[in-house]
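*Asks:* Quick one: the structure is below, and I'll ask about it shortly.
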């Protein structure tokens with residue numbers, strides 16, 4: 001007869017009417033009993049002939065992901081002008097006095113952040129925007145381009161101008177200016193800076209970039225004479241020595257590169273193609289129109305170039321016109337020809353935009369290193385989009401980067417730290433990742449972009465195969481005209497207007513701030529916010545500030561104090577250049593919602609939405625049907641989060657873990673499902689540990705156990721010899737049940753770790769419930785008062801040790817120690833409030 005749920009509960013000693021613990025508990029360590037129970041509950045995985053279930057409720061296997069939904073009305077979020085102050089360490093020191101070594105080290109890590117992958121794989125530009133939404137290809141293309149453009153305008157991306165120069169918007173950092181005024185990085189292999197060597201004494205100063213993108217400052221220093229002179233006469237040798245150093249093997253005019261598989265050089269060729277260039281720029285580029293076709297590979301550089309013979313009049317504009325503007329001069333091929341759209345506007349704006357600042361960068365190919373696509377900002381906000389950047393190449397393969405590890409507070413540390421009678425609020429840091437600047441040397445490794453609209457559309461329509469040499473013909477121009485494209489562009493014209501032209505051009509962008517798709521970013525963000533919170537805790541000694549990634553919480557003893565702290569802390573953070581979103585500040589009262597938990601003075605529980613998810617999961621969980629182990633991973637992930645709040649904890653999930661490890665299907669028996677369901681319907685809070693003196697000690701040998709409870713000594717023997725770890729665990733359980741003490745001394749490291757997953761399954765489940773809420777103190781065997789009783793010697797009494805226990809907050813970054821928080825509120829709270837005490841500047 002199969003094991004019923006009631007029998008199973010009784011077996012696990014979860015019911016009140018169980019026999020004496022010293023007799024019942026060792027039975028659960030018996031391997032034979034564990035095997036019989038496992039077989040009865042189908043936990044011994046049979047060879048299954050029934051097809052596996054690949055979907056349980058919302059949980060699907062990792063390889064059958066949910067289909068993302070495209071929203072044509074997505075709003076691109078706006079990014080404030082985020083600029084973290086470079087002298088952040090000095091500012092903090094002015095505010096709070098000298099920083100600790102740990103705080104300084106962490107802040108230096110992100111000023112600027114550096115990224116050195118082992119090797120970088122470059123992908124063609126066509127892979128820049130992922131065809132994630134096959135039904136909305138064009139719409140997705142423009143939405144993504146607009147998002148990238150917004151990021152560039154906000155100073156979060158660099159725009160590759162040539163292989164060795166980039167432009168950006170926003171305020172420059174000194175390491176970016178260093179690159180501008182002389183020293184530059186010589187190729188990807190060299191990271192050190194090397195000053196320019198003067199090649200000709202007649203040239204007064206060196207500009208790192210071409211004439212069309214000089215800042216006004218440089219133009220005034222160089223004067224227009226130097227631009228028009230040597231450049232207009234086409235003396236390439238001298239113009240080279242003015243603009244950049246050249247390798248003798250690849251001597252060619254500035255800004256022109258050999259075209260690689262038909263990709264555009266993003267800068268000079270398109271600048272020349274702009275119909276809206278200033279006369280100065282035209283003069284500066286006049287010599288290029290004659291030399292451009294002699295670039296080192298046979299065909300022209302510009303993607304969509306037309307041979308001179310086919311342009312209607314060369315006087316109207318430069319020879320190499322752009323794909324979009326060519327439609328203006330061509331005959332419409334049908335009612336849905338793009339020329340109808342292009343002729344709607346006389347002035348489509350420039351073909352390309354340049355940033356406010358220009359810098360020298362290591363050699364950057366016209367390629368991307370990761371693809372991008374858009375998704376909903378989060379499950380609760382589908383109106384705004386979020387950019388997903390896939391730089392997974394750095395986490396895969398033989399050349400993968402092992403990201404630095406950092407301490408994340410575990411549940412007990414978090415409870416010890418935050419479970420108190422404080423009032424809480426949480427701050428929302430807007431676009432937290434984009435606060436941290438990246439060194440320009442990282443740019444060649446973190447490239448995103450797109451190959452331009454025509455190539456993107458052509459690549460996705462299966463009927464037209466692109467051959468690079470076809471680009472020159474007019475007939476080829478109309479190959480991309482279709483009703484679908486025309487209708488999409490007409491609708492998008494309402495949204496983007498003349499920007500359609502700008503976005504239809506190819507572009508390559510590199511990250512100037514850390515992107516979310518790289519494993520280094522969470523580490524850097526965690527270091528940064530933990531250092532800032534450490535500074536805040538010392539600046540405001542009555543405040544408990546704590547952070548995990550971009551989630552920052554403040555706690556104070558009363559609501560009034562919290563409000564005044566909130567004002568002071570926000571002003572301090574704003575003065576460092578950290579952008580907070582005041583609309584998203586949440587005031588939690590006395591129970592804080594943080595990292596998926598609700599933390600109050602009573603302890604910690606999972607948030608309501610997680611318990612709802614668990615209930616829903618059990619409702620949809622099929623019985624007696626094999627479930628794909630990848631779906632089990634998802635189920636275990638959810639149940640594992642709430643496991644510490646259940647009676648039996650993680651050990652109850654061990655059968656699931658075992659099947660995932662063996663990559664086999666798992667079948668839920670009615671009893672096992674009922675057992676788990678009951679476990680998760682009643683959740684118990686995890687309480688904070690209290691400091692205290694240890695009075696109860698346990699010890700065991702394979703054959704017997706011994707306890708020291710105050711001055712009392714006890715001993716007992718096992719029916720059969722047991723493995724030493726199992727014996728020690730049993731002794732700890734007996735100590736807890738006999739004394740009721742929440743603090744037990746033991747010399748066994750496995751018991752100390754409170755991880756009972758490696759014990760026989762039934763024993764692990766029962767022990768977890770008996771020892772729930774118990775704290776352990778390590779006592780060396782030689783000093784353990786329970787050592788003698790465990791060996792059967794009751795006559796000798798070792799003196800009790802004075803073993804103090806201090807709850808740990810783990811390796812969470814509390815470098816500046818917070819003042820201790822009283823466990824109860826006194827009748828009248830007195831604190832040095834900024835409201836009552838006159839404030840003196842630091």
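Just so you know, glycine gets a Cβ as well, placed from its N, Cα and C.
Given the structure is predicted, the values throughout are model-derived calculations rather than measurements.
Pasting the feature list from Swiss-Prot:
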type	residues	note
BINDING	428, 550, 551	Mg(2+) binding site
COMPBIAS	197-208	compositional bias 'Low complexity'
COMPBIAS	212-228	compositional bias 'Polar residues'
DOMAIN	356-599	domain 'Reverse transcriptase'
REGION	1-177	region 'Terminal protein domain (TP)'
REGION	178-345	region 'Spacer'
REGION	184-238	region 'Disordered'
REGION	346-689	region 'Polymerase/reverse transcriptase domain (RT)'
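Describe each of these features in terms of where it is and what it packs against.
*Replies:* Counted within 10 Å of its Cβ, the other Cβ atoms near residue 428 (Mg(2+) binding site) come to 16, all protein chains included. For the recorded site, residue 428 (Mg(2+) binding site), the DSSP three-state label reads strand.
Across the region 'Terminal protein domain (TP)' (1-177), the prediction's mean pLDDT works out to 81.
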*Asks:* List, in sequence order, the same-chain residues at least six positions removed whose CB sits under 8 Å from that of residue 551 (Mg(2+) binding site)?
*Replies:* 426, 594, 595
*Asks:* What count of other C-beta atoms do you get within 10 angstroms of the C-beta of residue 550 (Mg(2+) binding site), across all chains shown?
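*Replies:* Result for residue 550 (Mg(2+) binding site): 18 other Cβ atoms within 10 Å.
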*Asks:* What is the set of residues, excluding 428, 550, 551, whose C-beta falls within 8 angstroms of the centroid of the C-beta atoms at the Mg(2+) site?
*Replies:* 426, 427, 429, 432, 547, 549, 552
